[in-house]
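Working notes, structure below.
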Amino acid sequence: MLTVAFVLFAFHLLAAASPSPVDRSSQGTRIGLNRRRDFVDDGVADIGALVQQLSTVRSKYESTIEAYKRNTGVEPPISLGEPIDLPTNATQPDKRATAAVSLTDDSEVVWYGQISVGTPAVTYTVDFDTGSSDLFLPGPRCTANCQGHKTYNPSLSTTARSRSKTFKLTYGDGSSVSGQQYADTVSAGALAATSQVLGAATTYSAGLAVQNFPSDGLLGMGFQSISQYNAPPFFQTLVAQSKTTQPVFAFKLAQSGSELYLGGVNSDLYTGSFTYVPVTTQAYWQIKLDSVLVGNKVATSANSRLSAVIDTGTTLIIGDPTNVKKLFASIPGSKDASRTVADGFYTVPCRNIPTVKLTFGGKAFSIDPAAFNLGQVSPTSSDCIAGVVSSQSTQSFWIVGDVFLRGVYSAFDVGQSRVGFATLRRSPVLVTCPISGSRPTFADDNAFHSPLTVLLPPPSPRARRSQRRAASQDAQGPLRPVSPATGKPVPPHFIHTLESSFVDNAGRTLLLRGVNISGADKAPLGSPSQILDGFWESAENGGESFVGRPLNLDDGSADVHLARLKGWGFNMLRYVVTWEALEHAGPGKYDHEFIDYTVRVLRKCKEYGFKVLMDPHQDTWSRFSGGSGAPYWTLPACGINPRHITPTQASIIHCEYPDGNNPNPAEMPAMIWSTNYGRLAIQTLFTLFFAGKDFAPKCIIDGVNIQEYLQSHYINAFGQLVDRIRDAGDLMDECVLGWDSLNEPFEGFCGYPDLNSYPSQQTSTLKKGTFPTPAQSLRICMGKAQTVDVWTFSTFGPRKSGRTTVDPKGVKLWLESSAEPDGVHPMWGWKRDPGWKLGFCIWALHNVWDVESGYVITPDYFKCNPEEDRDVCFIEDYWRPHWQAFSSRIRQSHPEAILFVAPPVFAQPPPIDELDLKGRCCLSTHYYDGLTLITRHWHWFNADALGVLRGKYSSSLPAVKFGEKAIRKSIQEQLGVLKDDAKILGAYPTIIGEIGTPFDMDDKKSYGWTDNGKYKGDYTNQQKALDASLNATDGPNALNYTIWTYVPDHTHAWGDGWNLEDLSLWSPDDMREKPDVGMDMNDASSAMLLKRAAANPVSRSAATSSLSLATFAGGNAPSPTDDDPKAALPTAITSLSYWENAYDFLTDGARAVKSFSRPYPSAVVGVPKDIQFDIAKAEFKFTVRVRPEDAPTSGTVPSPPPISRSSSESSTLADEDPEKLLDGISTEIFIPLVHFASDKEVARSRGEQVEPDADDAASDYDSSAPSTNNTTPYGTVRGTAEPRITTSTLDCSTLRAAWYSASSSTFSTPLSLDVQVSAGQWSIEGQNLRWWYPVPAVGDPEREYTIIVRRQDGAIKEASQKPSLWSSLCGTLSRFCMSE
């Protein structure tokens, strides 16, 4: 957690020059594009679909050639050869699947986006095709295969007029379809073409049925001469009507983030200048093709006079047989696949995909190898089908489709009749790729999130349900949802990722909110980061087991903790697991006992209704390099001697701070551990992990490069865990939703520009303490003294405070050769290649620098990709391939897993192919208020840190925010930007995987360590800080999140037990003293204490009981403890009998609980529009947008028991038709007891005397007593009886029932509520408010509804606070003061 990007607060960012926003070369309209499908299934090519495309392409060109002859009266610029004979070993196309022009074959990859037609405008999705020129949509009389498509009905448009002309489209098999021509207004974004000719089709082929072809029609972008209407195509109409700034349109066709730009080019999406080539004839976008290269060698005939049609409606590159044969003759290992695949196809070795280039205008443009590879011939084949094929049909020209276009930015200039290509920018709006110690910088964020941008997801089940209802009047019953990943029907508990949200089977939008368990999971029980005793010895002998993390299942305390988390309103857990926990004993030696224990804990989480996100966690690589994550043995595997890290300052390790010979871990400065990202050990380890093949090719171990060695072990270790979860049989999807890949990945040296200096521009590596340049680190780690800069950090950021000499006294970071006799490690068993010389810096081994002179030979060694002449882009070059490999292994055992995409912090995700995501994905990003985090203080000023990083401001001043209102607004805007990053992946949800605030603010004032204990227990500032962050997830953002963190064995002295971080929401040291309660000591799980100076504080372990009484100390600091481990053992609490009632339980030990236990809509019929919660007033307001397609499907989610309603309960729906109410399925809102408890509950928790009433007497000790229904002017409050909760009724089972089912009658949750709804009816069950309201019928406009929830008696005051007369009066009268 808390990686480097978060440790920099805004003024550190503002100290450096902000990148200037990138200006576009023209102002135009952007249309987001999506791919419909691909030719690969689980890595294997769909051969039948590939062959079908050849037939389809020929059919399209036959049709347009005939149109050219008819329109111009001259011979066309191209001619077709012999027809294609389909091979018998290929899948035969459907009779009507070779449709020309508008009815494109269903096997073809096409790019679709959004347009609108008519007045009033109706939105449609269309394929954009530069190989044709006409616009087609299904007409009102289209019956065959048109169900589910949106039809164009000219009679409903006031601007439509009939041209009194028909059209006829001919298929490759001789069949045809006819329709009527119309002229109407057609718009794309803000550009509207009036009197645009289009066709209304009457028939669609089976291949264009909605399940195969999600877009509604096709829009051609060629020239008028090939139009079957002989009418100007859409874009030419725009130009003729002077609607565009420039007569140019441009395409980015990529794995994701694709767009069509109308009216110019989008300079955010390309680098350098365009290479333009003139169009030979204004028919197709046909230009001269100079040559085809393999590598840098020409592979086509010298006397060839080739031309190429640039066709966005075709996937393949199709060439003449002679030159295609020469091309593959130049590729080692290629084969003619005429017999094994189909005529004209070739294969290449899957492990050696060549770099093929097409030369236009004298410049060679590379084909992306990933696009060139169309997939394996078969699941067991080592050969892959190539993206270039030959055809007898193209003797005189080539057709260049998206196999090539996916690697370039292409511009089509209508005005000058030319096509231009430019180098595609590697990531949307990415201006510079990451450098060591930095994150990417970005263009003006507003430029990317233009209101004209339309990113279209594949139609969701809800959208398709709505389309089908509109198209078919005889639909029978609800649709049965199926998984987009497997195509199988899904169970009731299944959660979808649709429309940028999590969605249940009823179509309700879900909010998943919870906490990380646990920050202490980074180390085994009893081994927090401050303990040096046995630290190295244990690791060198195979390490320790993590059994017992994160919760103790054996003493009952796990139930207590989970009941508390559920009672706070959480429904999601991010479950922390480290690589070390799985494979600490050595390479390939897995801790099956811990893996089984993890399954047991997950089952316990499932009992409480939690959904779980698995988090493979790391910080600065490993515990043994000052962080967490990787096992000890990975460091010697990389040639590093871990015991020499501290002497060489290659990293900072807590238990050895500041000196391994004289450690004082209690004095380690806050957040200094994050400077490890700028130190040699961490930079080297991550470089080897992600990019060892490119930058350390001599590092061979067990016959493979160190990159493959490390990644394969990492992936296999987590593969063991996912296999065991699968084998458990009852956890996947129902409890475990999915997986992160690698927490907060770091680029190491990848992309570092100059080893002689640290970057002068903005970085996100904290400068604090000694801060050597990489070149200085290289020398220090070979035993040489260096004088380095020293930095300090204050409220106004880092500053250089001086210089000091770091002298390792000859100690080297690198493992000596004597550690591996004969190249074999005696403990870990690997065999190192002789070319990897030990005792020697691996970067000197690769001639980066000279050890003897200290001279850096190649200071920019890591800047460029060794295989290509371009700068490294870490995210795309190295992070994404690892993510794909890890995710593939997870999906192997968990096919329905939601893949949580977690790129480097604050960086936008790269495009990821939908074939990898498979409709189940979520962006997982992190956010912390860096100023508060670093300074451990809540300030009256702050800054827009993310905005500065992404170039939002041209100067620093506007980024500074003054006052709490401005700070809260800024943080909410920043989280909105992070949420929008998910659009790069598609219409997927976002979760803030880590968000939180430190609790040890102001020298631990809240712990009573200052001011003679005056402020002990006062978490006012922490509440303000955490509320500001979590408030930012509300508002219009409606974000999912998991707070960092909940630590069962937290202590005031050592915080979360890792590097003095202190962010736990709860601490046993904050529990209220209850001296009258006596319990037995749990001797079987005694804590391991710090065995050094008695003055050092105790480190408690979760092993005792994860819930324990505090050991309170008087004065300003903790009192010394005995060396006897038993002397400071806390008293174990393993049941809820310790507390008076639920309010007492939920508030005891909680820190700033009002900030994180907050009301929110957990399941929404509709889409959340706005969420507001005012802590000071205990007032919650929620507005929801409800559309016809939001009507839930009954019986598709687990339902609570039915609720009986009296006639009086419908008073707020007196004018509504009861049949319109949702049957059993409602919007659900969590109403936290900690904010809305009744005065009696609060008083009882404080030990105050409370007068019993009739309800108390009737329900005392009676868990089966029925709950009451109190009718109010606003609805019905269910369960307002206030039973006296005693030690016999307050237990984990009753709380679990109350928190989870929200309908249990065994536990009453007394709340004090005033509720106002704009429509519908509601009821309270436990802490769950259920709200029913009408959903508009199909064809009706959407509606908005609002609910306001207030505490009847005003906000709960702290025990020391006394409400004023005015607040008491307002609390009593509040229900009568509500606005109507």
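Backbone N, Cα and C define each Cβ position, glycine as well.
Recorded disulfide link (TrEMBL): CYS142 to CYS146, out of the candidates CYS146, CYS350. You'll find the Cα of CYS146 (disulfide bond) roughly 26 Å from the Cα of ASP311 (active site). Cβ neighbour count for CYS146 (disulfide bond): 23 (other Cβ atoms within 10 Å of its Cβ, all protein chains included). Of the recorded residues, CYS142 (disulfide bond) and ASP129 (active site) place their C-alpha atoms 22 Å from one another.
Cβ neighbour count for ASP129 (active site) (all protein chains, 10 Å cutoff from its Cβ): 25.
The CA atom of ASP311 (active site) is located 7 Å away from the CA atom of ASP129 (active site).
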